[in-house]
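Undergrad: After the structure tokens below, expect a handful of questions from me.
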């Protein structure tokens, strides 16, 4: 990241100290402390940079000295990091973002009259009184209706197109592999659950496999050699009574377990590489083609109007309320591991809670998803950690009525900052699973800085 420090000699030394501090923070404070210190250091560096462009060299050196004295107090003890970090960073952020609030509501004034452009009288101008009177609650409702929620006709069109693809794929598989025991294919995912935001651009085609209960057993991840709660395995049992070959799926056995990778490879050859996609495209009046390469089975559909739609073909195994998916990207390098999908549990729980108290949890989830999708710094936050964040917050005695949307939004920002400082956001249904797994330290820095700014100026997330 390129920080412009000016021309002072002392400023270069500050940059060296900052880089050295970040590089050795993990040895002194541990992973969690290093992440917090990274957020604080990044915030102070950016504030110094902003002050340096606005003031003279002497004032810059003074601001840097004060900032580093305060940062030294914050980082003196790992136990006081969070409390001190909030007071130091928030004081600077409030000063730095104070003039930006007006900028969100009214056009910027040009410094020079030579650069002024004539105002078009035909363009409608919102009254300043109306602009400044919008509360955070109003802004959130406006953002939800204009940026997050999808029009019903857009959703219906995408669902109809995905359903046509589903029918064609199912008919092709039944005609070419009549002995393959498959259940009725269906659509799934956020598009069907009214949780998709911004664009209706992805859906899942679920391919249910029918296993003989007496020949197969689903083993929880904690009971496998992998000991991962989300990595389940499917074992072939009763081989002494029902030898290999009795089940259609025995051909995909690897070491006594049903191989997820072998099954995905078979479907890739049977569907992706075999179907007559040009003929199907002409039948549906849209371009349909497989996305080749990689371990995911995905189709790309380009309709005459509307956004491009991607459909993931996902083989699934169901037993009671357990849903296992064949997604090699989530279980690699283990070829026989199946992924336990928590999405059905999370979605069902959110729906139950909202139905019980007429809450806005689902609306808040869609708003947060749209915010993270529009904000580059927050894009590493996917739907899963956001849903679990809201589920954890729902366990607290708080009001989820429509009038409290702004309060819950701000509370989610604070809760998320705390989870980022710890580096752990436990799954609501599987506490041993960290929903922030895979997020890098650099991404933590960026997300932490943006969220700390949003504490004093929530509007920066709703631009």
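Backbone N, Cα and C define each Cβ position, glycine as well.
Remember, predicted model here, so these are calculated numbers, not experimental data.
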Undergrad: For the region 'Disordered' entry in TrEMBL, name the matching range from 99-127, 128-156, 157-185.
TA: 99-127
Undergrad: Quick check on the annotations: TrEMBL lists transmembrane segment for one of 20-44, 45-69. Which range is it?
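TA: That would be 20-44, per the transmembrane segment entry in TrEMBL.
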Undergrad: If you average per-residue pLDDT over the domain 'Mab-21-like HhH/H2TH-like' (362-447), what number do you get?
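TA: Across the residues of the domain 'Mab-21-like HhH/H2TH-like' (362-447) the model's pLDDT averages 95 on the 0 to 100 scale.
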